[in-house]
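In what follows, a structure is listed as structure tokens, so that the remarks can point back to it.
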Amino acid sequence: MSQRVSDQVMADVIAETRSNSSSHRHGGGGGGDDTTSLPYMHKVGTPPKQTLFQEIKHSFNETFFPDKPFGKFKDQSGFRKLELGLQYIFPILEWGRHYDLKKFRGDFIAGLTIASLCIPQDLAYAKLANLDPWYGLYSSFVAPLVYAFMGTSRDIAIGPVAVVSLLLGTLLSNEISNTKSHDYLRLAFTATFFAGVTQMLLGVCRLGFLIDFLSHAAIVGFMAGAAITIGLQQLKGLLGISNNNFTKKTDIISVMRSVWTHVHHGWNWETILIGLSFLIFLLITKYIAKKNKKLFWVSAISPMISVIVSTFFVYITRADKRGVSIVKHIKSGVNPSSANEIFFHGKYLGAGVRVGVVAGLVALTEAIAIGRTFAAMKDYALDGNKEMVAMGTMNIVGSLSSCYVTTGSFSRSAVNYMAGCKTAVSNIVMSIVVLLTLLVITPLFKYTPNAVLASIIIAAVVNLVNIEAMVLLWKIDKFDFVACMGAFFGVIFKSVEIGLLIAVAISFAKILLQVTRPRTAVLGKLPGTSVYRNIQQYPKAAQIPGMLIIRVDSAIYFSNSNYIKERILRWLIDEGAQRTESELPEIQHLITEMSPVPDIDTSGIHAFEELYKTLQKREVQLILANPGPVVIEKLHASKLTELIGEDKIFLTVADAVATYGPKTAAF
């Protein structure tokens, strides 16, 4: 909106502009203005010319090696380089030198605590992936050991998680409907192998920035939708409905239809009583832990207590004889090798790769988000690329030892943090406890009711529905809220993979929208200063008579150059019409503030050439203010500076206004 000011106010603005311009003159004025009274103005600097090799090297290093990982190898002996290399691959060799009994005490307690949480969760999560319960325990034995040696997070707890288990189970069952077949198990190992390969390649190739394309808003919606889907899937276990009679679909309509269809002939009242009783118990313990952080352990051990008590109850009452579904047999012993089970050829190889890539990316996104959260809380650095290599290695090794896709668990990591863990040794302690469970305790889980495992899963995923985050998204960014809701409804009304696809699509759509439709703003001068700001943000900022100042707030590339040119011309037409209506001087100079423009390509240069020619026809002079080093170098290389005129490129907007603005005497 044009600033309507009286002649006296305009004179004051112009006088302030000239008195406050602290820069120095760099060339003659334009339009016949007398600029001999102006002081010298600094020219816009041009960076030293770089060779093509130097430009490529700089761009490559900034993209893939911004943290300069090889800097510490410089000027070191061969043995020292080997030592540093091993420490880089296995961080435990670096921080392990300073490990002491005090740290071990904290890690030992934390490891025991998360083990009590992970064992019942592992049994339950394996069922989400349509696998036998012992594969969950296998996965919590091998993967944490590998991560402890290669990971950089001190707090993350590794193992199967609900969302990835559900995603894996859904995608695998789309390929092989008979989840009890041996090929289904082999495909699970194959997907795990390629999930690990995907994660490792991202880390080795330094492509970790790719996972940032999935926005936080989309993740919030996807996780919430997945949590509800997981909860709905547990109704069959909670109500005692047979797997053979329950729908294989995951959308809310199909699940609820299946639930109500079996209300008279499928529900088992004893199962419902057991399931609801322990679900209420688990939710109460979570509430207690949330209200009093010192009692976090109450929530951590409640799943194990639920398993022990319910197993004993079913055993002494023989409730399994009256329709209460139980776990039955669980294999004991250490993980058997599965290297010869992976599909490296054949008709299921392509399916294994597809499922593995998707599951690997989702698992990696969740792990990195968790790792960054706790790293920020404890103020230490998390190396994203090392994390990817560690995650990839543990899933590759896991696929060869009867494990399915594992990642960082938020609930277990939170307990690990609250229990006082100091290093990744807590994962080793947890792994040893799981090993002892596999060797000694697994036969005792025979009478564990499936309803309790369903209750454990429901209680675990409740926190994934983050209402507060959704409300905050609505308040801050409506587009982010749409992305969140799109992913959420895609999961609960269609399927997990459709919800994930919607989340990715909306995230990319937002990026494309921001790139192709960047923000521009009309600037005005703040009273009493030489500062120019957005007139919508600062209504008192006064526009300069006869001048239009526009700021472009993004890089100018082929994807947005035409839009920026047309938007600037629309600003010119709209502002010109308003000023004519207000009987203000016509616009004679268009100043483009380019401070926020980090780069420009050939399409952007061409757009400015067209803009210049259009403005010439309208008898409006184009002026550029403060182009950055990359931009000014390209302007010189394209000879656009010669077309516009060296005297029309300024260090600041204030310099441009002081040189080409109307004289106070004219008013």
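Cβ coordinates come from backbone N, Cα and C, glycine included.
Since we're looking at a predicted model, the values are computed, not measured.
Quick look at what Swiss-Prot lists:
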DOMAIN    537-660  domain 'STAS'
REGION    16-38  region 'Disordered'
TRANSMEM  106-126  transmembrane segment
TRANSMEM  131-151  transmembrane segment
TRANSMEM  156-176  transmembrane segment
TRANSMEM  185-205  transmembrane segment
TRANSMEM  208-228  transmembrane segment
TRANSMEM  269-289  transmembrane segment
TRANSMEM  296-316  transmembrane segment
TRANSMEM  350-370  transmembrane segment
TRANSMEM  425-445  transmembrane segment
TRANSMEM  452-472  transmembrane segment
TRANSMEM  486-506  transmembrane segment
Please figure out which one of 106-126, 269-289, 296-316, 350-370, 486-506 racks up the most CB pairs under 8 Å against the transmembrane segment (185-205). 350-370
Given the model, what does the mean pLDDT over the domain 'STAS' (537-660) come out as? 93
Can you see whether the transmembrane segment (269-289) and the transmembrane segment (296-316) are touching - at least 3 CB pairs under 8 angstroms, only pairs 6 or more apart in sequence? yes
Is it possible to list how many residues within the domain 'STAS' (537-660) are helical, extended or coil according to DSSP? 62 helix, 21 strand, 41 coil
Would the transmembrane segment (106-126) count as touching the transmembrane segment (208-228), if touching means at least three Cβ pairs under 8 Å and pairs must be 6 or more apart in sequence? no
Among 131-151, 208-228, 296-316, 452-472, which stretch has the highest count of C-beta pairs below 8 Å with the transmembrane segment (486-506)? 208-228
Checking 131-151, 208-228, 452-472 against the transmembrane segment (296-316) for Cβ pairs under 8 Å, the most are found for 452-472
For the transmembrane segment (208-228), sequence-distant contacts whose Cβ falls under 8 Å of one of its Cβ atoms, 6 or more beyond its ends: 162-163, 166-167, 202, 252, 361, 364-365, 368-369, 384-385, 387-388, 461-462, 464-466, 469-470, 473, 477, 480-481, 483-492, 496, 499-500, 503-504, 506-508, 510-511
Six or more residues out from either end of the transmembrane segment (131-151), which same-chain residues have a Cβ under 8 Å from its Cβ atoms? 89-92, 118-119, 121-125, 157-160, 169, 185, 188, 327, 330-331, 334-335, 386-387, 389-391, 393-395, 397-398, 401-404, 406, 424-425, 427-428, 430-431, 434-435, 437-438, 442, 445
Against which stretches of its own chain does the transmembrane segment (452-472) lie, if we need a Cβ under 8 Å and a gap of at least six residues from its ends? 120-121, 123-125, 127-128, 162-163, 220-221, 223-224, 226-228, 230-231, 234-238, 274-276, 278-279, 282-283, 286, 303, 306-307, 310, 327, 410-411, 481, 484
